[in-house]
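To start, the structure under review is shown below, and the notes come after it.
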């Protein structure tokens, strides 16, 4: 849902001359809001998605603005635009993902318990990492860079051999009824089934494993490695399609760029959670406002006992998604009320007042993407 050239949203209302949202915004610039229009040169600055992940999505990171411009010039076939792509995922169901580098102690424990992992990293880098545990964050980040780069530069043949050994060992443990939780055994088998022989299977020993409960979020700034493994979420990001991949993918992997760009600062998994703030004026509204200008996400949970809900007018174009409930939307800009149900998407112009009348006694769950400058 947005105006990215690779997926410009289609307008369903046949009374409107333009076929896509991008075309309509280009001819109705005021709908963006004056600040958004000026800051983002007449373009909608965000992209809004719903993801339903059954098979893990690739381990990846997104470049910052400077790097995106450089990569787009060098290799437009892999990097289709010059924008950065910070993003946020908010869980709709229990949602499992990998995000950011684990604390060094955890990785050191895996090196001890998983000899196949240790072999790919090499003794020298592993020793450097162990020694960095008692030093500062910078030493840890530098040691992590060496370890991760060694893994990513391993020969394909060696990776496949070591992965097969590990899979065999874990499978035997599982058959014998032993727990393999201490080495994320079940997850490793699951990823290996989905991507046999893929180097990304070993990344679970480097990256924090998070399970978000519905309503919990993670924010992924530039250069943070991450992967979505399983579950449903709404996702919002800057309007870009630039991705540097690291594994769990049949697509192009740009190893030199990846190893060079990543943020190797370790952090505990709970630090990766991004909590919303409660709106002071609206008990049903939570606001996820990340430290980037491109987007903000609002979550509205309205009990079925409420007959009418007024959507906050903001000085930005926004996209409203109905996840649960049935309503009729009225706004001065529309000639007639608009019926909305689960899966409906409504574009709201800047400073527009929208009133929602609940047409069924069911609780309402809505998400809204906008740009609050």
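Heads up, the Cβ atoms here are built off N, Cα and C, so glycines get one too.
Just so you know, TrEMBL annotations are computer predictions that nobody has curated.
Pulled from TrEMBL, these are the features on record:
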- 1-104: domain 'Phosphomannose isomerase type I catalytic' (DOMAIN)
- 60, 62, 87, 226: Zn(2+) binding site (BINDING)
- 120-207: domain 'Phosphomannose isomerase type I helical insertion' (DOMAIN)
- 245: active site (ACT_SITE)
- 287-331: domain 'Phosphomannose isomerase type I C-terminal' (DOMAIN)
Could you give the Cα-Cα distance between the residue listed as 'active site' and residue 60 (Zn(2+) binding site), in whole Å?
4
Going along the chain, which residues six or more apart from residue 226 (Zn(2+) binding site) have their CB under 8 A from its CB?
59, 60, 61, 97, 98, 99, 100, 207, 218, 220
Chain-mates of 60, 62, 87, 226 with C-beta within 8 Å of site centroid, Zn(2+):
61, 85, 220, 224, 225, 243
Would you mind checking how many other C-beta atoms are within 10 angstroms of the C-beta on residue 245 (active site)?
22
CB within-chain contacts under 8 A for residue 87 (Zn(2+) binding site), separation at least 6:
62, 219, 220, 235, 236, 237, 238
Using DSSP, what's the helix, strand and coil tally for the domain 'Phosphomannose isomerase type I catalytic' (1-104)?
28 helix, 25 strand, 51 coil
Mean of pLDDT values spanning the domain 'Phosphomannose isomerase type I C-terminal' (287-331):
97
